[in-house]
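Participant: Got a structure here, written out as structure tokens. Questions coming.
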Amino acid sequence: KPFAFSCLWNALRMKAGPSRTNRPDNTAFTQQRLPAWQPILSAGIVIPGFTLIGLAFIGVGVALFVTSQKITDLEIDYTGVAATSPCFKCTSFAAENCMCQMEFTLTTLFEGPVFFYYGLTSYYQNFRTYGVSKDGYQLSGDTYYFNNPQDSCAPYQYDSNNNPIVPCGSIANSMFSDTFQLYQVVNGMKKQIPLDGKGIAWWTDYNIKYSNPALVNGSFADAFSGTVKPVNWSKPVYELDPTDQANNGFLNQNFLVWMRQAALPKFQKLYGRIAEGDYAQGLPAGNYTLLINYSYPVISFGGTKKVVLSNVSWMGGKNQFLGIAYLVIGSLCIVMAMVMLIIYAKYKFTDDDEDM
Amino acid sequence: MAREIGEPGVAKSSTTKKHKRRKSKKEIKTRTVHANILYDQAKGGDNPNRHYANNKIKTTKYTLLSFIPKNLFEQFHRFANVYFVFIALLNFVPVVNAFQPELALAPVVFILSVTAIKDLWEDYRRHRSDKEINHMDCLVYSRSERQYLECYWKEVCVGDFIRLRCNEILPADVLLLSSSDPDRLCHIETATLDGETNLKQRQVVRSFIDLDTEFDPLKYNSVIECEKPNNDLNRFRGYITHRNGRRDGLYKENLLLRGCTIRNTEEAVGIVIYAGHETKAMLNNSGPRYKRSKLERQMNVDVFWCVVILLVMCLFSAIGHGLWMFQYGDKRPVFDVLSPEGTDLSPVVSAIYLFLTMIIVFQVLIPISLFVSIEIVKICQVYFIHQDADLYDEETDSHLQCRALNITEDLGQMQYIFSDKTGTLTENKMVFRRCIVAGVEYSHDANARRLAMYQEVDSEEDEGLSRGGTLPRKESLTSQHSGGKAVLRSQSTKSHRRTGSRAEAKRASILSKHTAFSSPMEKDITPDPQLRDKVNDCGSQMEFMRFHNQLLSQISPDLQDVFDFFIALTICNTVVVSSPNQPRQKVRRFELKSPVKTIEDFIKRFTPSRLTSASSSSSSTSLATNRSSSHRACSSLLSSPSAESTLARLEEERGATPGIRGALGTTPACPHAGGSVAGGSDEGELRYEAESPDEAALVYAARAYKCSLVGRLADQVTIELPHVGRLSFELLHTLAFDSTRKRMSVVVRNPLTEQITVYTKGADSVIMDLVRPPAADDSKGKRQRKILFKTQNYLNLYGMDGLRTLCIAKRVLSKEQYASWLRRHLEAETAIQGREELLFESALRLETDLHLLGATGIEDRLQDGVPETIAALRRAGLQIWVLTGDKQETAINIAYACKLLDPEEEIITLNADSQEACAVLLDESLHYIQAKFLCSSSADPCAAGVFQPDYATLQFHAPPTSSGTAGPVVVHRLGLVIDGRTLAYALDKSLEDKFLAVARSCRSVLCCRSTPLQKSMVVKLVRDKLKVMTLAIGDGANDVSMIQVADVGVGISGQEGMQAVMASDFALPRFQYLQKLLLVHGHWCYSRLANMILYFFYKNAMFVALIFWYQFYCGFSGSAMIDQWYLIFFNLMFSAFPQLITGTLDKDLSADTLQELPQLYMNGQNSEAYADSDVDLFTWGTPITTLALLTILLHLGIETKTWTWMNWASIAFSIVLFFMVAMCYNASCPTCYSPSNPYWTMQRLLGDPLFYLMCVITPIAALLPRYFYRACQGSLFPSPVQVGRQLDKVPLGLRRHLVNQSRIKAGPLRRGTAHRTPLYPLGPPFLKGCSSKITDPYSSNPKQKAQAASPICLKSMEMKDTPGSSKNPVNHLEYVQKAGGWAGEKISGSPSSEALETRDQLISHVGLPENSTMPYSREPSQHDEVSLPVGLETSLSPGQSSEIIWLTSTPLMPQMECVQLISPPSGDSPGVTYQKNQESLDCPQQNILKQTCGERLSDSPDSVQECSKTPSRANVRKEWLEPWDAFADAAVAGTSPSSAVSVVLTAAAALYKCILHLDVGIMISLS
């Protein structure tokens, strides 16, 4: 309100009512006298504080570290860069449906439940345009988007014949295609270990986010009629898992896992769990064979492929770092407290000396 | 006739009114107004007034329709908004888009809408007040009804007749045509326009004066031609042309201005001349001012650097991306995405696309919400400042006003204060103290005692109140039987007390609505017995002579002078008299004490001058507008072009009308005596309303001698004299006061002597020059010379004493002289062109050859708390300059009184008569200062030897103790006094650098006799050349230009109207509030805002750093692991509230501590995040966001100094808000929100124990180093602010004590610092005190100890004493020793009495030779000098050391010592002190820097500034950029461990480092 106006205004008010003072309200808020806590970082508070935090952290750190130590994991690199590797033969372009076999030995029981991961390195699933390249509506089973995939899928939207691709987009197109079978070698005989591929995807992904189209004429395949499979795929989406009809379409567990982009270029994704039958308690000591259907090319961009076996605890997979971090930070706190104590004592006393 | 001159076309074309009107304004210079009733309202086609603005006002900026486009347009003036719109639009480009385009619009829309809502609200408020004003009622004459009808203001048009009743507010600018007042006057109160509370008289237009019947609008048929609307309140010119062709001039006396209130006049009628927005009030109303604060300017620079960094980061990413693409060559990896067309993108093209994408992704770096947050915080700050009860003045019922809303934080950065003296440092309540009549001084001791008693009572009262209000204002009931002394005292003095106590103040304020400038203190003056006797003598003699028919000239010249002196005091003014019974009711007629007949007889018998008196009276009355038929002709003649003929007519009339005028010498008896009986019997009841407080003081003073002004009309003044009774002086002319002439005069016809007499009152310098030089040798001449000499002597003493002096003189004109003067004067008055100049010259002609009657000394009392405020501000490192128009002696003495100058200081006085002399003076002073510095730094007592003040006008008022060759004077104790003339030379281009060099070496600068223009030039010079923040404070119109020039202008809403307030950014009721405004609010505003801005930059930089770091892991593809929603709303929502609360409420120090320890500022921040491996992108990104948020909040927690419930609430709210939003967002839609599609992520995370563990460790790990740093610093090497915070914890009493103690110790240290930095001695005592060790120089340094014998060293000790002295036993001791005779008072001394005493002391120190001639009773100053060293020695050594021991045994004090002992790393805190570069002595490096720079001081004063500023700037730049490399290394190195957490922590470490640098950088650059 312009000033002359407020003057006029006041004059009016004065005229209207009894004289009204401009006295400000005397409240704690307007006078900025709200009760307040004013922490001060003085040595007296900080040193005990640091010590306490340090101790607590060391405690948590120890617990985490011990837990993490109990977790075992085993990594098997099967990229086949080295000529000695059994999978070397599959790295050439000519190899089709190449199978290779990695062998490993467990000396002790690998406690269960054992999680079976595949891992990739130098693989940029977090590439921006890659991550965008999918059609959520299509994947939720909306058939409209079967014929009209969103532009975000480009250039994996339509194939060269202008047929819509389902599932469209780069992520789906580049789906990891290696398959694994794990055998225990018992008395020279290979005994297949069941890899439970169910429930490896997020529950919400499986039940809410993704869903298959309704059957057309009772046929699942017909629901996808008029669409073509992604360029890199060998089988259409409704035939992903020939063994389990329910594990097909968008609700294929491995597909779901793949569709969750990894955060870093070096990542591992769950392939299955070993939790059944003889192996419910874990993998007993002995020799094992990993049979790999090698089809996914990584050498061209300098990546590696591996298989990781790991068991988990309440805090998830093996994660020594967190425990160590807690320990380190905790110790740092203690050290800082000590340092401060020393410096403080020293300065304090010299001050006092001088003053005396 | 019926149209504007020179614009005939307008009347016809009624469609394009507005356009045409604007055009016509340029073409013609006048406006013609006709009466509307001549034209039919219904078909207003030919009404010539219709083109003028109507009275409807509209101050709103927008209409409903125009709001959106107009507001948007205004908002896009802000660069940041345009930038964000650009970014949002960029999102719509398919190849670039990083976010959902719609979402990307959200921030911009949000910001724009918040601002728009704010604007809308403001506009709505304006609209409402407009509406209210537009719908007020007034009476407008209606043509159809033939009477006045109630109308809304907005319906009033130019040309309408308006009837105004008493106490109504004027709806428009109205030309007064009729008034119910018999004198055809109308009184208005212009308080709403200029704040002046006195009544102003307005006169009916001359041609309508003689209307005896009521004004009839229907008979009006004249045309008014006047100026175009303009904003000059004091100017209105035009003429009115009647049907018969007669023309009359119109002056500002005829115009009633919109917004004024009609008083004292039952009814008035006028015609509207200007309406609505064309009224002078509205044209003057420029609305609030917008200034850009320094912080904002710096912030803009920082935002610019953010943009640069952003671009660098984008470029870096783009290159990285190009390389990344390039490494794959032709082999496209399986995860590569081709262009939408399915073709390969070349690395270069994709890099370019990426560059644009990155701009979007990194947009968070530019803090979009920063601007809006700052605005919100500033509004809150303004609110709090407004609401501060400490800044509320009950006496005037006014509180601080922030008129500029956006420069609050500038208050915390001030370096120079320029203050006016009168009304700013002083109360501008004039109290009559002494006078000189005919060379005899009347000291009015009784009066002085009375004044002293007020103060005593005042202070007692205050104490009583502070003890818990144990002194209630008991009514007579209690006092009767209690009989206690205190009660009686309070009773008896209740009515006299100064307006210090609250209840009284309130009463006074109610009264003051009716009477300006008349507190009891000014009203009641105890007369000096001697002078009273003389006056009585004089009166009785005169009475005697009158009865015995003797010539009055036979009275002895002494008595004659006394008589004239009092007449002059009484009538030479523009005071309006009113009676209290009917407030504002003018006393019109009075009964004469002595019968008319007597006087008439007396006059008749007084034949010799009979004829001339008659003739002169007739000619004069023709000027003074009288209602007599013979004069109507005259007045009509006045406007006729020929002045010659006027005079001719006058000559004719002279003979013709002597008889009629005979009775005019005295006023006729009052026909209705009712109202005036009281006035007659008790003149004490009369109220005087004066335009200036001096006038009121003089009139009251005269009244004390029974010479009272009882009535004033336009043409006569009636006074009452002892024994003589009432006399009416015919008032022939009043030559109003103006600042160039510095005097005013009245021309009256003395009824006793029938002489035409000019009484002049003005500044002594002017009057003394105009006094007729005494005739050569005769006794009369001798006597005259003696009187002149004595008067001049006394005047000097008055000046010394800080009194305002006014000289009173008279001149008797012979009728010939008068006639010839009148001829020229009439010409001047009737001149249309250059009237002002001609009138000025005419006045000069009249005011010569004066006969000096006497002089008065009026005290302009210091405002409460001024010395304390100045001391506190000075301790805060502010340089205070006083720029005043007063004479040098007065100014110096006021400066002493308010402790601006210390008696210990040497004063360099520069008075030069020419440019060359001024140059020489400046050179000499500069050399002198340098010589002093050299001497003292080498501890060589040769200062006075090196430089002898051989230049005549360069005087060194060295204090007695350091006079002669006494030894080195502590160098920085220098005061510079410069007068207006010298200042004019010094401000010349060639000398200004030298002047500045001298001025800045001095602790205080006093510019006397400076014109308003010079004031502003000085401010401008300092502001521009020294690149410092300046504050100007003043209360009068003469300060306006200075207020406008300064960075922050403060107006005192005091006695002199509102011009200063109108021009100011802040309006204060009192000077002492400046202390809290600057030290508390300024500090808070600045530290809050600076902190908030830093925090914003930090927050955004941290967030962006996370994303940037991530680019190394995603092939620089511009993907962000943080969901776009979080990314965009992080700033706007999740992290916004706590910092707003902190930015508004945080107090790093309590108000008390800030006031007691004037010193300041604070520091910065850091951050981090985390990661995992088998999680997907956004499951990983969400916790990062969470952690970032937690980290940021925790960080804010570290930075927050004061935790109120609002802080807690806001932080809790932020966290809850984040989780709520995240949960809702993550649960809302399984398929939307491409590409992140974060369905159920948060929920899942919340089920993961690891998440919580992360939440705990990450912020702590991230902030640990900072916390450690803080803790170490806080407990080991606390900054002054931290010390202050610790002091906050101490109970109030003890705290005060500690603060005082610290000052004791600060004293000796000053020497040390002065040695180190000889050229910058002006640092704040406290800071410097902190900057060196406690070791007492007297004991630790033998060399200095040897010097301790020299009194000056001791002086320096004693000088650090400040207002707190009375609480400090040690200092007290010194005072007792020193003050000698005043010791007793000293102990109980209230601040003001202390100030007075000190001033007295100072005066005695200055010790002029005339001392002995003074009738003032004073202790001989020699006594002080002798006792001083001894007293100090004894009192200091043991007392001081014991204090120190006591002090250091408390835990706090050692910390205070070491504040600046160890300089903080790499210029961290220098930027943080209140001082800024210029005076902060806390960083040795800077000192060295300054020293080196200082060598060049004489060449260019501002090189120092440059020197000390640039390095820190350069560092900032480097630090801003360098961490990124370290950060990249860390990120790359972190790829190997299996868990990504390590990477993040490494990155966080790097980030931390970077942020640390960043914020330190920003910090430095901010300060």
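Just so you know, glycine gets a Cβ as well, placed from its N, Cα and C.
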Participant: Can you find which of B:R804, B:R835, B:R845, B:R1070 TrEMBL lists as binding ATP at the same site as B:D420, B:K421, B:T422, B:E695, B:F737, B:K761, B:T884, B:G885, B:D886, B:R1009, B:K1015, B:N1038, B:D1039?
Facilitator: B:R804
Participant: Can you check which of B:157-176, B:557-576, B:1177-1196 TrEMBL lists as transmembrane segment?
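Facilitator: Within the set B:157-176, B:557-576, B:1177-1196, TrEMBL attaches transmembrane segment to B:1177-1196.
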Participant: If you check TrEMBL, which stretch out of B:103-121, B:1072-1090 is marked transmembrane segment?
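Facilitator: Among B:103-121, B:1072-1090, the range TrEMBL annotates as transmembrane segment is B:103-121.
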Participant: Region 'Disordered' per TrEMBL: which of the ranges B:629-657, B:658-686, B:1296-1324 is that?
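Facilitator: It is B:658-686 that TrEMBL describes as region 'Disordered'.
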Participant: Counting Cβ atoms within 10 Å across all protein chains shown, which of the binding-site residues B:D420, B:F737, B:G885, B:D1039 comes out on top?
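Facilitator: Ranked by Cβ atoms within 10 Å, first place goes to B:D1039.
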Participant: For the transmembrane segment (B:79-97), I need the partner stretch with the highest count of C-beta pairs below 8 angstroms, choosing only from B:103-121, B:303-328, B:348-372.
Facilitator: B:348-372
Participant: If we call contact 3 or more Cβ pairs under 8 Å (sequence gap 6 or more), are the transmembrane segment (B:303-328) and the transmembrane segment (B:103-121) touching?
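Facilitator: As far as Cβ distances go (cut-off 8 Å, pairs 6 or more apart), the transmembrane segment (B:303-328) and the transmembrane segment (B:103-121) do not touch.
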Participant: Write out how many residues of the domain 'P-type ATPase N-terminal' (B:47-102) are helix, how many strand and how many coil, based on DSSP.
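Facilitator: Reading the DSSP string over the domain 'P-type ATPase N-terminal' (B:47-102) gives 27 helix, 0 strand, 29 coil.
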Participant: Among the binding-site residues listed here (B:R804, B:R1009), identify the one with the smallest other-Cβ count within 10 Å.
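Facilitator: Each of the binding-site residues B:R804, B:R1009 was scored; lowest Cβ tally within 10 Å is B:R1009.
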Participant: So what's the mean pLDDT when you look at the domain 'P-type ATPase N-terminal' (B:47-102)?
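Facilitator: Averaged over the domain 'P-type ATPase N-terminal' (B:47-102), per-residue pLDDT gives 79.
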Participant: The transmembrane segment (B:103-121): which same-chain residues, six or more beyond its ends, come within Cβ distance under 8 Å?
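Facilitator: Residues packing against the transmembrane segment (B:103-121) from afar: 61-62, 67-68, 71-72, 74-75, 81, 84-85, 87-88, 91, 360, 368-369, 371-372, 375, 1124-1125, 1128-1129, 1131-1132.
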Participant: List nothing but the one residue from B:T422, B:N1038 whose Cβ has the fewest other Cβ atoms within 10 Å; the candidates are the binding-site residues.
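Facilitator: The binding-site residues B:T422, B:N1038 were compared, and B:N1038 has the fewest Cβ atoms within 10 Å.
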Participant: Mind checking which residues reach the transmembrane segment (B:348-372)? Cβ under 8 Å, same chain, six or more beyond either end.
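Facilitator: Residues 78, 80, 83-84, 87, 90-91, 93, 95-99, 104, 107-108, 111, 114-115, 299, 303, 306-307, 309-311, 313-315, 317-319, 321-322, 325, 1093, 1096-1097, 1099-1101, 1103-1104, 1107-1108, 1116-1118, 1120, 1127-1128, 1130-1132, 1136 contact the transmembrane segment (B:348-372) from elsewhere in the chain.
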Participant: Is it possible to get the count of other C-beta atoms within 10 angstroms of the C-beta of B:D1035 (Mg(2+) binding site)?
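Facilitator: Other Cβ atoms within 10 Å of B:D1035 (Mg(2+) binding site): 32.
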Participant: Which whole-number value in Å describes the distance between the Cα atoms of B:G885 (ATP binding site) and B:D420 (Mg(2+) binding site)?
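Facilitator: Cα of B:G885 (ATP binding site) to Cα of B:D420 (Mg(2+) binding site) measures 8 Å after rounding.
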Participant: Quick one: Cα separation, B:F737 (ATP binding site) versus B:T422 (Mg(2+) binding site), in Å?
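Facilitator: Answer for this pair: 17 Å between alpha carbons.
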Participant: If I take the alpha carbons of B:R1009 (ATP binding site) and B:D420 (Mg(2+) binding site), what is the distance between them in whole Å?
Facilitator: 11
Participant: Look up B:R804 (ATP binding site) in the DSSP assignment and report helix, strand or coil.
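Facilitator: In three-state terms, B:R804 (ATP binding site) counts as strand.
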Participant: Reported as an integer number of Å, what is the Cα distance between B:N1038 (ATP binding site) and B:T422 (Mg(2+) binding site)?
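Facilitator: The separation of the Cα atoms works out to 11 Å.
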Participant: I want to verify one value. Collapsing DSSP to three states, which class is B:D1039 (Mg(2+) binding site)?
Facilitator: helix
Participant: Going by Cα-Cα distance, which of the binding-site residues (B:D420, B:T422, B:D1039) sits nearest to B:R804 (ATP binding site)?
Facilitator: B:T422
